[in-house]
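Straight from Swiss-Prot, the features:
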REPEAT    148-189  repeat 'PFTB 1'
ACT_SITE  ASP484  active site, proton donor
REPEAT    513-558  repeat 'PFTB 2'
REPEAT    590-630  repeat 'PFTB 3'
REPEAT    639-680  repeat 'PFTB 4'
REPEAT    701-742  repeat 'PFTB 5'
Amino acid sequence: MWKLKIAKGQDDRYLYSTNNYIGRQIWEFDPNAGTIEEQAKIEEARQHYWNNRYKVKPNSDLLWRMQFLREKNFKQRIRAVKVEEGEEISHEIATVALHRAVHFFSALQATDGHWPAESAGPLFFLPPLVMCMYITGHLNTVFPAEHRKEILRYIYCHQNEDGGWGLHIEGHSTMFCTAMSYICMRILGEGPEGGVNNACARARKWILDHGSVIAIPSWGKTWLSILGAFEWIGTNPMPPEFWILPSFLPVHPAKMWCYCRTVYMPMSYLYGKRFVGPITPLILKLREELYDQTYDEINWKKVRHVCAKEDLYYPHPFVQDLMWDSLYICTEPLLTRWPFNKLRNKALEVTMKHIHYEDENSRYITMGCVEKVLSMLACWVEDPNGDHFKKHLARIPDFLWVAEDGMKMQGCGSQSWDASLAIQALLASEMNDEISDTLKNGHDFIKQSQVKDNPSGDFKVMYRHISKGSWAFADQDLGWQVSDCTAEALKCCLLFSTMPPEIVGEAMDPVRLYDSVNVILSLQSKNGGLSAWEPAGAPEYLELLNPTEFFEDIVIEHEHVECTSSAIQALVRFKKLYPGHRTTEVDNFINNGVKYIEDVQEPDGSWYGNWGVCFIYASWFALGGLAAVGLSYSNCAAVRKSVEFLLRTQRSDGGWGESYRSCPDKVYRELETEHSNLVQTAWALMGLIHSGQVERDPRPLHRAAKLLINFQMEDGDFPQQEITGVFLRNCMMHYALYRNIFPLWGLAEYRRNVLVPLKHNYI
């Protein structure tokens, strides 16, 4: 049986931590664990997911929940409540529902104070890892039999009815993920006609019916070239000389978005080496199976720009294709011949220096799973027996997650982000005395997860920004500062600092709070908006060079309304407690941030969400930021427009339901389901509360709260519904903890802001 291990790791030559592995979450298979009854419940959960996989595609993340609730002997002892038709919500009913949610959620806290959860969803995360392990000869050691079984389960569970796989679990089938999933199945031992429900045959038919893998997007062309199932001459150039360009040029690594930089860093190394893995009998078979013509007869030069229409979200502009063609025809032939190949060798050396720097400063976690696999493979190409590659191997478990739909690869984990939101939700419940241990543990996790230092050495030369005082998305070992993660964690620390230490633990040292403020202030742009990782400011026209076909806005840093709002809320609270610290800068930040939020409002009154689905998500953040400075419906036109948008999109059942299609389409799309989405309902409910809706007309709030209460499950949990996370416009993320955090938080804010406080015996 699979078991989740928390904060486990043993320092050695290849594995080390900056904070004793706080926040680390790894899965291990124990063949002797679990009773027959426990194993039967897991199988029941797997079967239930399989039977309903086309109805609700995100899993309910049940395996670790079953484990934690069992280990803590949790039983819901608070009676369930429902709001009948025509019945008003009493303070007692709201209190009972809230307490049930809080007691259940508190039982899910890990021993180190965070809440584990899946953060995955894209279907291109896992196959490259399997391919990398196959190429390097570590497949069977990294993925023993039970791992392979769960990986295949995941692939089967998320195959679409037409035989393909989407870019993410709710998406339409794409060539990229269908081909990668097919290859993954074949590497893991399935035959060309094998797999559950003829998975391989159906996938291959989809591939051939849609033009074969010559139409795979650029990332797919790169991975297939590495594997030996495509030819490098059929890819667009990724010259490593990019890393030795003079800094005054507009196209320079220092001006790139950090994710783009750290992905194309190892990718350009592998391209510069023209690395190809061993050509095994399986690779030769794939060359036959994936094409609708003989492999040796393919005109590779003509397929560089070919991309299946199902994958094409961002068509390359003419100027970009012209650049690729110029590099392909003129530059590459020179750089691969003497004497210019000396420059190529120098570029490869510098590129690998940057790869090692990023690896070391993230404890070999890297920024995320896409970079992780590419950097790991680059290290192996440099030295198959070297320490760098072995350190990468030691961190693979940090990315793997097991649920009832199988084993997948996470982006990097969302431990700090989830914990900060969870703590604020619990504090809003005003149950501090009852959940003191939960709050203490959560507070301790937040304090121990703060990044204590800047990147090593002369980090600016390595294109890095300050990180001391920040919080990463996952844990301290990751080390990468994120503005909204920092702001939300700072809010928690400030809230805790005003509470009795015997209830929530000792407050954080003010100096460390100042460090957090320094990071936040450093990331504001001239337009008042806040970027996520590093300061924005590179020319917008560089986005014309976006080399991907299925993402948008990946070349440079951009400002985000969510990050800006989080920072405003944190700094307003900070200013009240520390009015003398960098007063002018804090005031200017807040004023400019508010102006940015007002400036980027959509004509319909909403805001576009960059990290959640979509206009409802961003509207909740924006209204929270405006409310923090005293702006409401009565004194702010932007708030009035936003309220009109939210009330206009409220559904007949009292909730809200926004389709993920809003994100790529950039217009509001309603869910095509009869039911509303509870997470989005909570966002809208809290946004309206921020606006002052309770003083105008509380009826929309009552209707929303009724929906949340009536959908609560017997044990205090809430059901998993549609996916609610997103990145880069077009790819969705499943944050499995959202279904607990936000309905709980929404009910808590409703109870303390809408209902008249009364005391009741609710048990």
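For all residues, glycine too, the Cβ spot is worked out from N, Cα and C.
Ranking 148-189, 590-630, 639-680, 701-742 by CB pairs under 8 A with the repeat 'PFTB 2' (513-558) puts 590-630 at the top.
In the repeat 'PFTB 5' (701-742), the DSSP tally of helix, strand and coil residues is 16 helix, 8 strand, 18 coil. Among residues of the same chain six or more beyond the repeat 'PFTB 1' (148-189), those with a C-beta under 8 A of the stretch's C-beta atoms are 2, 46, 49-50, 53-54, 57-58, 121-124, 126-128, 130-131, 134, 139, 195-197, 199-200, 202-207, 210-211, 213, 215-217, 219-220, 223-224, 227, 229, 282, 285-286, 289-290, 307-308, 310-311, 402, 405-408, 550, 660, 722-723, 730-734. For ASP484 (active site, proton donor), the Cβ neighbour count at a 10 Å cut-off comes to 25, with all displayed protein chains included.
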